[in-house]
Amino acid sequence: MHDVDFIKRNPELFDYAMQNRNYEKVAQKIIELDIKKKQLLTQLYSLQKERNQITREIEKLKKDGVKCDTQIESSKNITEKINDINNMIKEDSQLIDLLNVLPNVPDDIVPVGKDESSNVEIRKHGYKRNFDFQVKTHYELGEKLNLMDFKQAAKLSGSRFVILKNQLAQLDRALANFMLDIHTKEFGYSEISHPILVHESAMYGVGQLPKFADDSFKTTENFRLVPTSEVALTNLVSGMNINSCDLPIRLTACSPCFRLEAGSAGKDTRGMMRQHQFNKVELVSIVTEEQSASELERMVQVAEEVLKRLELPYRVMMLCTGDMGFSASITYDIEVWVPSQNRYREISSCSNCKDFQARRMNTKYTTITNNVKVSKFAHTLNGSALAIGRTIIAILENYQNMDGSITIPLALRKYMNDQEFIK
């Protein structure tokens, strides 16, 4: 949600920001709708004041034993007008409807561009392995070892699902524990276990609704299956006013995530790269405005640390204005090297949403400024650290051996009963 006062003060800047995010100019329309709403509110307050005066007059006349039929009739007429204006305000949702579908304003340092071709590489880490044999895909390796079954999954649920067996099922669990241990024991995140069914209001709070209603699974009673733990974790502070001394709040969770992948027809149709259901470890931070920028850098470092421990080559990209998510003001993607595709693929996305989500959730913090207590909207950040399915892909492909076995990364072996190989 946007600050209308900011738009009124900076209409050209706001339009420039929206155009950079591939949206049309809307500042003038927002200003006009806001003026219309305020005119109605002014009329409403004036009528309420007039009715209160007449009410006091009626009470005095009754006390004095004087007839007050004229005043009573006037009060009824004013009440009807008040009801009419209240109905007009309720029905006139154009301003809110428009604000609900406009993305966040990009940070000043975000590169301008229409799509991923304008994303900027920040740094690389690790070395790509030179194979002396023909590299296999993760699904070729998994199916050959009889540890990955797409056919049986399709019988159960359709396309874009997978069944992991034995050592790969164990690897899936091991990765979750490995990541959560890093986040909680070394970086101070609090682990949360949360529902995977949420109210639509929670989806609205983080910006998933109303614009992306077709991207998530809807159940009866207006529940949604979470597309990411970000939804649940961020909404834990919905409606709260937090003491600034209690910030930052850092939360982490591993949960199944569910996505319709409505716009992904023909993309990554084989394997685990793009699934309707997958496990992911998520990081969420609730911070003050002053903590916001440094918290994003810290979050990216936490996600990078997982890949460093697994000794997987990766790069960090800053997304351009046209490629960022709806609620993000600035986003860093971490992309891991996938040998069979000879390219980097996204494995983590870390975003600073600034006060965009907090305005939708009405989440504030209290601070002292010039000896005066002030409430401000909190800043929220989220990041995947990491998507477990894609981490499995990266391990299988980067650690594959000529005989089709997979060497288990050293950092994971204590989570895998000290096994050295998947075979």
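Just so you know, the numbers here start at 1 and follow the chain as drawn.
The backbone N, Cα and C atoms fix where each Cβ goes, glycine too.
For Glu282 (L-serine binding site), the same-chain residues lying six or more positions away in sequence with a CB closer than 8 A to its CB are Thr228, Ser229, Glu230, Leu233, Thr252, Ala253, Cys254, Ser255, Asn382, Gly383, Ser384, Ala385. Under the DSSP three-state reduction, Glu282 (L-serine binding site) is assigned to strand. Residues or ranges marked as L-serine binding site by Swiss-Prot on the basis of sequence analysis: Thr228, Ser229, Glu230, Glu282, Ser384.
Annotated ATP binding site per Swiss-Prot: Arg259, Leu260, Glu261, Glu346, Ile347, Ser348, Ser349, in sequence order. Sequence-distant contacts of Arg259 (ATP binding site), defined as residues of its own chain at least six apart whose C-beta falls under 8 angstroms from its C-beta, comprise Asp215, Ser216, Phe217, Pro227, Gln275, His276.
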Handout entry: Per-residue Cβ crowding (10 Å cut-off), top of binding-site residues Glu230, Glu261, Glu346
Key = Glu230
Exercise for the section: Would you count the other CB atoms within 10 A of the CB of Ser349 (ATP binding site), including those on all shown protein chains? Expected result: 22
Handout entry: Cβ within 8 Å of the mean position of the Cβ atoms of Thr228, Ser229, Glu230, Glu282, Ser384: remaining residues of the chain near L-serine
Key = Val231, Leu233, Ala253, Ser255, Cys257, Lys280, Val281, Leu283, Val284, Asn382, Gly383
